[in-house]
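Heads up, the thing below is written out as structure tokens.
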Amino acid sequence: MEQVPSTGRLVQITVTEGYDLKGFKGDTPVTFIRAEFNQVVLGDSAKITVSPEGSAKYNFTSSFEFNPEGGITLDDLAHKPVFLTVTEVLPKEKKQKEEKTLILGQAVVDLLPLLEGQSSFQTTVPLHPVQGSPLETPRSSAKQCSLEVKVLVAEPLLTTAQISGGNLLKVTLEAAYSVPESFIPTGPGQNYMVGLQVPSLGEKDYPILFKNGTLKLGGEREPVPRPKKWPIANILAPGANNIPDAFIVGGPYEEEEGELNHPEDSEFRNQAECIKKRIIWDLESRCYLDPSAVVSFQKRIADCRLWPVEITRVPLVTVPKGKAGKTEKTDEEGQLSFHGVAYVNMVPLLYPGVKRIRGAFHVYPYLDSVVHEKTKCLLSLFRDIGHHLIHNNKIGGINSLLSKQAVSKNLKEDKPVKEKDIDGRPRPGDVQAPSIKSQSSDTPLEGEPPLSHNPEGQQYVEAGTYIVLEIQLDKALVPKRMPEELARRVKEMIPPRPPLTRRTGGAQKAVSDYHTQIKNISRAILDEYYRMFGKQVAKLESDMDSETLEEQKCQLSYELNCSGKYFAFKEQLKHAVVKIVREKYLKTTSFESQEELQTFISELYVFLVDQMHVALNQTMPDDVQGTIATIFTSSEQLRLFAFEAEVNENFEMAAAYYKERLVREPQNLDHWLDYGVFCLLTEDNIKAQECFRKALSLNQSHIHSLLLCGVLAVLLENYEQAEIFFEDATCLEPTNVVAWTLLGLYYEIQNNDIRMEMAFHEASKQLQAQMLQAQVTKQKSAGVVEDVEERGKRESSLGPWGITNGSATAIKVEAPAGPGAALSILDKFLEESSKLQSDSQEPILTTQTWDPSINQKPSNTFIKEIPTKKEACYERTISFVVDASEMHFIFLRLGLIYLEEKEYEKAKKTYMQACKRSPSCLTWLGLGIACYRLEELTEAEDALSEANALNNYNAEVWAYLALVCLKVGRQLEAEQAYKYMIKLKLKDEALLAEIHTLQETVGFGNPSF
């Protein structure tokens, strides 16, 4: 063999051994292997006798030269395999001059690992039997016959730059469905071809052709998974057509990237893929893209967006016998018909991390003006660039009709090298041929359709033809940040989570908690006692006899047991007792014996009784009247108070409530989010950012914290950080519609149209999936109640921390019409629809999102615009079995309506319900106003006192307290309340005038008198 030129590198293929072989003439045939690559025979092995076990040691090495400058290129290695044909040598018979041979099977070696940077690899490839081969019936071992193959190059074929910057493009053409009715399987043979171009060497375009599609009648769906096939003809063994480990798997239409992926397209596609005629290719073609081609590919996608994929058919020409090596033109050659084009949106390949797009694409008639407008492509692959591709269109091969150079002389051949490539792909250097159509002539060449009219191509549109195409890259054109990197970047940007405060005095804390529970329960029992026997009973306690006290005790015990309060008190105390057992007595395991348990219980009982007495003595000293009860407020109550402070635009008080929540529970993420939203309302963006980042430091996987941090980063123009936050959110929760939408808005700000399109497309996709799931759930639900509950869950998922910035109660403001302010939408609708019937209101109410607290107007405007219909709407709302999302504000609005209409009994009832559900300063104030107007002064004073205890900075509360004191004749208290009212600057002029009038009537209450 000749020496290999210095510019080339030798690729060696060694077949070491074969397994489970057998021949036509027994289980120990004489066989040899022929290696072929690129339609050139690389060599034959020695003749080896197969052992009785079916194995044969060939140790046969063949090679070819890799020379990208003019021989075998990287692209050849990408889409052309090495064929290993095993042939049996039959024994010579008498008077037989030459040996007879029969082909047993063919194996395929994919050289793709060489393009992945490997310099050698070893593999076991199956030996596919030819038709009629004895290998079709496996041996008793039931193993498929195979060959052990090693591939070796002296050094890697790719440089480091090529490995990092290059890419491998795989294009799979599955089928064309719903083809025109004029396509019939009988009559003259037709070659159905599809082609597209991709950048190859720099700016050069490389045609990829798929030829000889099979026209099939409808009747059944194509099976999945089914193997992808090599784009090479004349493969001897049927199984060798299949690319190893490459399958067409299909998938739901909704997950495709094409044009027919909407729910309304499902019926048409099902009919087309089951009933109608189709053309099947199932071919995968590969193309290596060097680094410059990758850059050109990216630039072309960004500039053109749509990629033309042409489809046509040309008649097959049968070669007469004895002229197989000649290329004779006939009258039928060169006739390009049914020239169509599909526009493939390649933009998704520029989305971060996307390596594959697959979908169905409509086929349209090929018209120059339309193609140029959509794709900026001036020339047609079939008609202009490759007009001569339709020549030499003979039966029996997916033939590339451009000439190609012969393989290096050192390759061993047993027949001349043909000037035709059988893979359906021209050489990269050949595509530089000028267009066959003269640039100065408007006259089409023979077989070229008119440029502005294509009646045959129009049949594709009439039939609804579409092709199913897959384009896959080995590496994404735009790398996507890994979740680990995003998490690391987020961790770098947020402050470290502060360490939890070390718990000290566990036993002391447990006893203190027990004291607190005893005090709370004792107050509750005392309140029940007062309710049953009156508050004045304490003054008469010394004058009562023992029988009366015992009778009251029995009545109280009976009431506590019957109402279930006794059981509730025990449950309330249970947790504190458990903490004492664990923290003070260090008992965390079960007792070994019953005696030990009883001893411990006795000891514990004595301790608990003693501590109960200690707590009761602290709570109830001898001078009971001198004790001032401390009102305990929960975190949710503080949150509600903060919202009400926002309503009154008392932001200082609201901030105090939010900070109180943070002091109590600094590790509660929601508290930080609420305070951050409040800071946004007051336009303190720096403080809001601190709060959101603090929340994120507590849980770096919390989606809403990430999104809010991203929003603040945009507001503060920290765009790089914003992208990190939004990307991390979409990575942690890929189905979150809000996260994708915010990411799209961010890219819109950055004028990044491609990524904006990607994010909005994903948001729309996830939203449609959620809507479909909600629709299915709704159909399964039985009755209105389940439907309302399910809607409530969807509402709650929009905002996990409740009402957002702009929160307000109905007493102060009202929301204008707009997205999310459903109550105001309802109000406006009712104002404009005075003839609305009551039976039509319920469906409206059941479909509204009850959130009256966003972007609201001052209460005086709200009061002036209240129509009569609103009262009925709110009454119906509170009568539903399932509550609306914010019933607190519904009660406040309805109570305000009643007060304005002077229906004080209804107002009292409504505010009492509000006080039971979620007591606040405003609910007690409303109840106090209603009681005062009903002349129930004692109840009014009690309610106003409760309101004052919750917020003693409310001027209206002090005003009504002054009115009550004036009515009952308590001069000192009246003057004191009036002073606080003036100090807090009461704004209600009518109420102030009423106080002055009453002061003049009674003659006191105003220190200026």
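Glycine is treated like the rest: Cβ placed from N, Cα and C.
Feature annotation from Swiss-Prot assigns region 'Disordered' to 410-457.
Among the features that Swiss-Prot reports, compositional bias 'Basic and acidic residues' is placed at 410-428.
Across the repeat 'TPR 1' (498-531), the model assigns an average pLDDT of 78. Look at Swiss-Prot and you will find 498-531 tagged as repeat 'TPR 1'.
Swiss-Prot lists 635-668 with the feature repeat 'TPR 2'.
For 669-702, the entry in Swiss-Prot reads repeat 'TPR 3'.
Summarising the annotation, Swiss-Prot assigns repeat 'TPR 4' to 704-736. Residues of the same chain lying 6 or more positions beyond the ends of the repeat 'TPR 4' (704-736) and with a Cβ under 8 Å from any Cβ of it are 481, 483, 486-487, 489-490, 493-494, 669, 673, 676, 685-686, 688-689, 692-693, 695-696, 742-743, 746, 749-750, 759, 762, 766, 769-770, 800-801.
If you look up Swiss-Prot, you'll see 888-921 marked as repeat 'TPR 5'.
Sequence-distant neighbours of the repeat 'TPR 6' (923-954) (same chain, 6+ residues past either end, Cβ-Cβ under 8 Å): 631, 633, 641, 648, 650, 653, 811, 888, 891-892, 895-896, 898-899, 902, 904-905, 907-908, 910-912, 914-915, 960-961, 963-964, 967-968, 980, 984. If you look up Swiss-Prot, you'll see 923-954 marked as repeat 'TPR 6'.
Secondary structure of the repeat 'TPR 7' (956-988) per DSSP, as helix, strand and coil residue counts: 26 helix, 0 strand, 7 coil. Under the heading repeat 'TPR 7', Swiss-Prot lists 956-988.
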